[in-house]
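Okay, structure first, notes after.
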Amino acid sequence: MNVLHIDSGILGEHSVSRRLTAAIVAQIKADRPDANVIYRDLVSERLQHLTGAQIMAPADLDGVDPALASDVRTGRQMLDEFLAADTIVVGAPMYNFSIPSQLKAWIDRLAVAGKTFRYTEAGPEGLAKGKKVIVASTRGGHYSAGPAAAMDHQEAYLRTVFGFFGITDVEFVRAEGLNLGADQKQFAIAEAEKTIAEGDVLRLAS
């Protein structure tokens, strides 16, 4: 089984989303010692945001500007990693009601017609069916219910874009209210880690 582990939290060792994705992957490895894990830290790797030059780059990169060619190859490799994965673990903190720009840059490299989706007479069709996505979702406030739920452009976006790719099995391990005091932060992390340890969310694609 192939597992793709993605981190996008910018707080390094202080990042709760990184703590949770590490726990998820550790649980997967405990349950499936044969799992092959590929790790991408989208912050330290400094993936470039999408440009017109990237989109227009030819399939054959011979003669292309070396910096552009390197960037395009990186994007293609990330797409290949995604397509090869059975389970994708994504650390996705909420920043300003949405996802980190680093994570959006990664998703932009995945959204390739003919690879993760295609257009048909009946409408778009996802081509990445059969995968499982587990998202470690962290938020400073509470956005899963109540009036603030309308501000959620994080989980809603991720469910939509992975669904567009054909992935219907998307689970969220959520830690909310992390900026509402030490007790609430400790409680939210403990509840998320309990969810991971109980394993229901980790019923994996194989």
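Note: Cβ is positioned from N, Cα and C throughout, glycine not excepted.
Pulled from Swiss-Prot, these are the features on record:
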type	residues	note
BINDING	Ser15, Val16, Ser17, Met94, Tyr95, Asn96, Phe97, Thr138, Arg139, Gly140, Gly141	FMN binding site
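Counted over every protein chain shown, other Cβ atoms within 10 Å are most numerous around Ser17 among the binding-site residues Ser15, Ser17.
Cβ contacts within 10 Å of Phe97 (FMN binding site), excluding its own Cβ and spanning all protein chains shown: 15. Classification of Ser17 (FMN binding site) by DSSP places it within a helix. Under 8 Å, Cβ to Cβ, and six or more positions away along its own chain, Arg139 (FMN binding site) finds Pro93, Met94, Gln154, Arg174, Ala175, Glu176, Gly177, Leu178. Comment: FMN site residues Ser15, Val16, Ser17, Met94, Tyr95, Asn96, Phe97, Thr138, Arg139, Gly140, Gly141; largest CA to CA distance 17 Å, whole number.
The binding-site residues listed here are Tyr95, Gly141; among them, Tyr95 has the most other Cβ atoms within 10 Å of its own Cβ.
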